[in-house]
């Protein structure tokens, strides 16, 4: 039928505004009819009608959202004509609606169930016309929401005929809501509305993981396993849409503790996690920065760190973005409560504040706290429970594969600019740098670069660079090896100077007893390397004083080629209190546990224990500490060889320490004249004629002297004139009680 001219008016009541209907006088149209409103030849809008007596005949009243959508003004002349829906093609199957609070003042973070919303929507607007782009007001749970129709799909015609669905869906611009229509709600952009339930669209979520990162670009090497474990525990749940996480009843991990030796990449890893994630920049805080001299300020600093996350969670609920807070040196502020001296309790209240913020009464589900320390033993245990810093990840010394990755990263730029010589084999360097941390490998590359640069500096009165040669600057294999030899030593490696002084005269194999000790030592080394059943192997070298026990222990350790070798010797603990000794020993063993293969030589055990026979007196505190350390197995995947030395086996027997060692090897003195002559020949200090004279005196006779004492007597004799050397040597042997008294 032809359209009729009518005048646009304002909707008479608020209740009628919520019906989404255009309101007319019953003399013009009937309730439930549908009309097309033409505002211009090219603009037409479909409405469902409702009658009300207060509307003047010839007028049609619209709510504010309807007038905005159609671009109508009060009193505007419009053309209105009846419209009939083709129910075979225009019944709405699914409709996507964007929703937000109508008034921003009335926002809250309460969850709104979209399933109940959809049922209420169908009930309120059944048999009404809807168009794509239409705006309307929707009342639900005494709250007003602004709706915008985003998309409409027609119902499958087969369903209308009572046949099985064919799956055919057609997009339409205008449709009629029926009882079987499906409504999906979609939260408006930047809205704080918290939608739950199944009747909501899957949001186009930005992936939490940055798509263009890789380990090499991030400058992280040797941490592949650690990173994958962190991802599995801390980020996997955050990759999934909130609705799936909600259905599983899953809570995100809120905290990670990274611990390990200095220089192994804890801070680097935490710093790069922020770059890996499509999240806001992480807040990086050094532990001591939190502390403040004013009362209550330290706790306020903690609260400030979490303020943004709390505000956003209140506003956006489950759709809040991720807030990352990184604590470097977290042990500075999270020490065990009650462990600090003094009565102020400042540290304790800071710990309490942090505990309550991470997982307290008002739980935050949009934070990730990353703590870093090389002293995890100092941290309050309440911070380490699940719900707080529950993912504990050791960032240890890199293995050979990890060292290769790290060296590749630090030499990549040189390689790209052809400044790395062709003779540099990164694999060789990775093999040679056992127990180097990431920072030490970076230092090695830096030292090699400095060595190469130094070659091109002119040695004159002024410091000048030879620019001609500088053009051909190359960092060579020799530069790396020189830096490895002279400049960079690993903190958790083998310092040759530690044990070189113990074997500066070499090992004098004066007889089968010495060979047997070395062979047994080699067997124990192989057992430590190869056996999975005995990760801890300990041996006690016992024998009389000056028999060379320490030298043999140092030799066995050196020949093992273990990446970590340390000597725990009383000469490094002179003047230490008992507690300080225990701490020093514990540190050596703790460092050993960080290496894949380690050897610790515990030298002169009775001296470590402060043993003296008068009394007798010894330190029970050190004894108990040593017993525990000798029996404590290293962490899984680590192996430890302990070599102890003592001159008082009987004393250790009484102290029940012998049982702490896996085995005991006896190191004897030189006991026969033949062994003495063998030692003299190997040392080569006396001439053949002199040795013949000595042989006449000692051959076939019993002697008793330690190799260390023998060396001292020989050196003393050599200070005499040549004709008196032999006589002096024999006299010294007699005075030491090392030989029979019938020497001439």
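Cβ atoms are placed via backbone N, Cα and C, with glycine included.
Given the structure is predicted, the values throughout are model-derived calculations rather than measurements.
Record features, source Swiss-Prot:
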type	residues	note
MOD_RES	105	N6-acetyllysine
MOD_RES	207	phosphoserine
MOD_RES	259	phosphotyrosine
BINDING	505, 506, 507, 508, 509, 510, 545, 546, 547, 548, 549, 550, 551, 552	ATP binding site
BINDING	550	Mg(2+) binding site
MOD_RES	569	phosphoserine
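In the three-state DSSP assignment, the secondary structure recorded for residue 551 (ATP binding site) is helix. Residue 569 (phosphoserine) sits 29 Å from the residue listed as 'phosphotyrosine', taking the C-alpha atoms as the reference points. Cα to Cα, the residue listed as 'phosphotyrosine' and residue 507 (ATP binding site) are separated by 41 Å.
In this structure, of the recorded positions 505, 547, 550, 569, the smallest number of CB atoms within 10 A of the CB marks 505. Each residue contributes its Cα atom, and for residue 545 (ATP binding site) and the residue listed as 'N6-acetyllysine' those atoms are 89 Å apart. Cα of residue 551 (ATP binding site) to Cα of residue 105 (N6-acetyllysine): a span of 82 Å. Look at residue 505 (ATP binding site): DSSP puts it in coil. Within 10 Å of the Cβ of residue 509 (ATP binding site) there are 14 other Cβ atoms, across all protein chains. When the recorded positions 105, 507, 509 are compared by Cα distance to the residue listed as 'Mg(2+) binding site', the shortest distance belongs to 507. Counting in whole angstrom, residue 509 (ATP binding site) lies 92 from the residue listed as 'N6-acetyllysine' by their C-alpha atoms. The Cβ of the residue listed as 'phosphotyrosine' has 21 neighbouring Cβ atoms from other residues within 10 Å, across all protein chains displayed.
A straight line from the CA of residue 549 (ATP binding site) to the CA of residue 105 (N6-acetyllysine) spans 84 Å.
Sequence-distant contacts of residue 507 (ATP binding site), defined as residues of its own chain at least six apart whose C-beta falls under 8 angstroms from its C-beta, comprise 514, 518, 548, 551, 552, 555. Cβ contacts within 10 Å of the residue listed as 'N6-acetyllysine', excluding its own Cβ and spanning all protein chains shown: 6.
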